[in-house]
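Chemist: Under the heading domain 'MrpA C-terminal/MbhD', TrEMBL lists B:11-75. Under the heading domain 'Na+/H+ antiporter MnhB subunit-related protein', TrEMBL lists B:187-302. Annotated transmembrane segment per TrEMBL: B:6-23, B:30-47, B:53-71, B:91-111, B:140-164, B:185-206, B:218-236, B:248-266, B:281-302, in sequence order.
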Amino acid sequence: MTHSLVSAATLLGLCACGMVGIGLYGLIVRPDALRKLLSFNILGSGVFLLFGVIGRRGAAAGLEGDPVPQAIVITGIVVAFSATALAATLLVKISDAENALPDAGREEDEA
Amino acid sequence: MSEPFALLLTVLVLLTAGWIVTVRERRAAVLGFIAYGLLLALVWIRLAAVDVALTEAAIGGGATGVLLLRVAARLGDLRPMSAQPGRMLKWLAGLVCAGVSLALMALVLALPDPAPSLAGAAMEPLARTGLGNPVTAVLLAYRALDTFLEIIVLLLALIGVWSLGPDRFWGGRPAAWYEGTPSSALTFLARVLPPFGIVIAGYLFWIGADEPGGKFQASTLLAAMWLLTMMAGLVAAPRTGSPALRGALAFGPLVFLVVGLAGIGWGEGFLAYPDRFAKPLILLIEAALAVSIVAALALMVAGPAERNTP
């Protein structure tokens, strides 16, 4: 492993720390629920990236990175998507309830 | 590709993240998030984690992006979850978050050298699985239980999404993407792209045993092609109550479970494969899982049932 590779990984590690901070800030400061969801995803991706950087530093045995964190991050990305889909659908439900859909009557007729 | 590229990526990622958090328009934030997902995919490539990069581009950018665009278009005025913070509170929050970032940065700079690594442990039994890609080996051989639970999480989330639809439409179809006729450009793309998408997905699936790629990336691509044809109105979204769909969703976890339980019979334990059949069994599980993942991803993006049309 050359020195330049290490420092690029470290740089992206610092980037991940910044992502965590920005995501946390959006989560606290923005009152809009969709923005909180996006912020939470930014926070999460920062954590994933941090894990990835640690995996990259673990390059050994002829590999360019430790495969175990990579596999766990792939699982994490899919689980994060599932949670985001559930939360986003919940937002639609809340929005529909709060705004008493103009076409709610039409749906009632169909049923 | 060395530090200048990493530096450029760092600046772009942080700027995009800042844009998503601060921009006024919801739609702009969602579009920013798609760009952010693609930038992150580049970051993962820079970290030599191509498997993760493919997943991030497909799921983090693509699937999440489409889902959020659909949701942002549907959302009316939401009651704010909290009061608009004053200037004082914003500064305080900024300070706290900067503190968190700085503390994490200090930890990154203090990481031990040489770094602890499981790379050796992952490579050593690789030949026994017949696989060439250690990431696939971790996902489906060494840590197969994680992957099994992951598909269960995917299904639970889908059940959660479905249960948020109105009761009277349970088992019906998700809402149509458009009220009117979709644009001719979209219809054209939805006719032209799927054949290519299917071929590329098949390639990604097959190559995943030895090279970066695999069932998640391939499944997401197939789900995207299916969604594209749904958006263009070429095919209707499936009835969420249809037995074929429910069967496809349950197929992957069931095959996984049966192979896993058979591992106990072989004397090795749950989810252990006999050496001679490891690769065929892993491919069987991956193929079965791919069926379920395509259906689960596409239907999560399509949303709960909201109409009863047969």
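Just so you know, the numbers here start at 1 and follow the chain as drawn.
Using the three backbone atoms N, Cα and C, a Cβ is placed for every residue, glycine included.
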Chemist: Are the transmembrane segment (B:140-164) and the transmembrane segment (B:248-266) close enough to be called in contact, which here means at least 3 C-beta pairs under 8 A that are separated by 6 or more residues?
Modeler: yes
Chemist: Across the domain 'Na+/H+ antiporter MnhB subunit-related protein' (B:187-302), what is the average pLDDT of the model, as a whole number?
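Modeler: Here the mean pLDDT over the domain 'Na+/H+ antiporter MnhB subunit-related protein' (B:187-302) amounts to 87.
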Chemist: Residues of the same chain, at least six outside the transmembrane segment (B:218-236), with any C-beta under 8 angstroms of its C-beta?
Modeler: 55, 58-59, 62-63, 66, 173, 176-178, 181-182, 186-187, 189-191, 193-194, 197-198, 200-202, 204-205, 208, 289-290, 293-295, 297-298, 301-302, 309
Chemist: Using a Cβ cut-off of under 8 Å, list the residues of the same chain at least 6 residues beyond the transmembrane segment (B:281-302) that approach it.
Modeler: 59, 63, 66-67, 70, 129-131, 136, 140-141, 144, 147, 151, 154-155, 157-158, 161-162, 174, 205, 208-209, 214-216, 218-220, 222-223, 226-227, 230, 237-238, 240, 245, 248-256, 259, 273
